[in-house]
């Protein structure tokens, strides 16, 4: 039975295919026979997709609008010409005295048409037709039909007493006789609105059949009215014959127009399809160009996806599919031989003009070249850089390496978060702070993205404590019955830990924390975190740069700093910030988590460490690649990968000075470039070759570097975050980045502006920016 069913099914399918082939061979329409492939609904004639039908009408209207003056002039000339012909014919045959009502209607009809034409043109009729085209079309047809029938009955009523007794077929068509002198063409005047209707309103829409029906009714009305008037002297069969002839003629015209219109629509569909493909291709190319870099792991992911797509592609032949899959698998095997799966290909980087950007974010060490020996070997450092990059990429992809601070050596019953100091020390320490419990918090809104931290009379140094208090009190302190004094004590101690360096200071930390709060509430992550996890995340943001002394990881590696020895070249600064933060939290007078149990404290500590370590720019590409591969969109995926989402959020907030208004953005850039150049001056004194980012002498290229940074790092990061966005925050960020990028581009093209802005970046520098700070090693005292 089963086999019989299959045979019947395949037999029917074969028969269907055969019929389809015949239809395709003899079809006038040249459309697919498969119902799923058809793009046109044949009755009423329209595209199946509403968007395509709308676009078709818009294109028709736009085409008419571009020729509106030609249409206006041609219709006015045609109307006035027919009007003049009717007047001349009437005067020649002395018809004014006989056909008074007819000529009254002639003048009225002409005036109405002229007013209608001018009104439509004056009111931009094309734009109205785009939205209410169907209603206008039907209304206009009904109006014409009423006017035409009125014309017809008045005409025949005027001349019925003048009609000949014997009527032959040759004189039948309009039968507008006057004293048997001449056939007049007054009847043709009624067809003029139809001519106007075809050209001024797009009849090639789903209402076009109404025109053909009207045309047929007009012809039938002519013959029927004449028959009723001349019933005594005219044969009924002749009238029926003329009506049938009119019907056949109308159907023939309709079918021809119908076929032509289908072909036009198919041509439009092909054009529209190709246009969409070109736009999609351009968009894809643009997105690919804007990508930071395709890492090897992303390449593997894309190749596997491509292979799966080829396997399910029914249009491809089996051999082509097999070859494509095998080719992709060979590429994957070759990529897997590389060590740097989460890093961009170094060969690709070197081909680009912005390899110094990647050199910075990947901590690629530049040549250590002593001034006295400038012509030394230059190949060994390159090898060292490459090996260092490979070594960096060997880190596990699941969880970042967690380096315990030295304060963990002596562990008590609770972790360092719950470490208790003596009561006397606690009392003495608290007395050191002058708590302002009534601090003004109204002038900072935690919900507004564009807060002016720098673009004001003086920088907002109070923002750190104000923002920290508002957010931590909102999400945690108010629910845990913890003393506000402990919160203030923590915030004051953290603020005291920030040095007054140009960029990585407490104001930067306040901005990052505020933007983290906005992002986490605007993205689809806010309801996943518990109160204590939210507090830990905010503490991470507040302390992500604590103790920063205005130098980068690259500097610490080059100079063999003490911190490099402690943290083995792995995220040196970020581990230092973690240690500094936990050193503060280990004291009970600062510990807002002291009511949490040991297991919770361990989890919160791990969250803080992973979030702060994510701000290391050498991990930028890796984190972005992991996020892209996971394609986090569904809430269940977000819950499983919440740490990865938090890493992306703090990274976006850490670079958010690029996502604000130009005036604020420019001031942050000024601080950052001066901090970098200060490091470059220090490196130069020590005899190291400089990356262009830190070279004061390469300042003329700074704008190009800044544009590259925005395009290659910031834009891809924010664009990837859009998958989590449940509001419009990422769109706002992208618009600011693009505006700032455009502003830098315009400045670079104008030499006068370029020189002005470059000079402004390095002038009016406060003396406090020139102070050299050192890491606080007291946090490591046991």
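Every residue gets a Cβ built from N, Cα and C, even glycine.
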Listed co-binder of divalent metal cation 1 (same site as 544, 545, 654, source Swiss-Prot) among 508, 620, 665: 508
Among the residue ranges 161-181, 182-202, 266-286, I'd like the one that Swiss-Prot describes as transmembrane segment. 182-202
Compare all C-alpha positions of 504, 505, 506, 507, 508, 545, 654, 706, the record's nucleoside 3',5'-cyclic phosphate binders, and send over the largest distance in angstrom. 23
Compare the Cα of residue 504 (active site, proton donor) against each of the binding-site residues 544, 545, 654, 706 and report the nearest. 545
Cβ within 8 Å of the divalent metal cation 1 site centroid (508, 544, 545, 654 excluded): which residues? 504, 509, 512, 541, 548, 615
Counting other C-beta atoms within 10 angstroms, the emptiest spot among the binding-site residues 545, 654 is 654
Name, in the order they occur in the sequence, the residues of the same chain whose CB lies under 8 A from the CB of residue 506 (nucleoside 3',5'-cyclic phosphate binding site) and which sit 6 or more residues away. 461, 463, 464, 495, 498
Which ones in the same chain are close to residue 544 (divalent metal cation 1 binding site), with CB under 8 Å and 6+ residues apart in sequence? 509, 512, 574, 577, 611, 612, 615, 650, 654
Cβ neighbour count within 10 Å of residue 706 (nucleoside 3',5'-cyclic phosphate binding site): 20
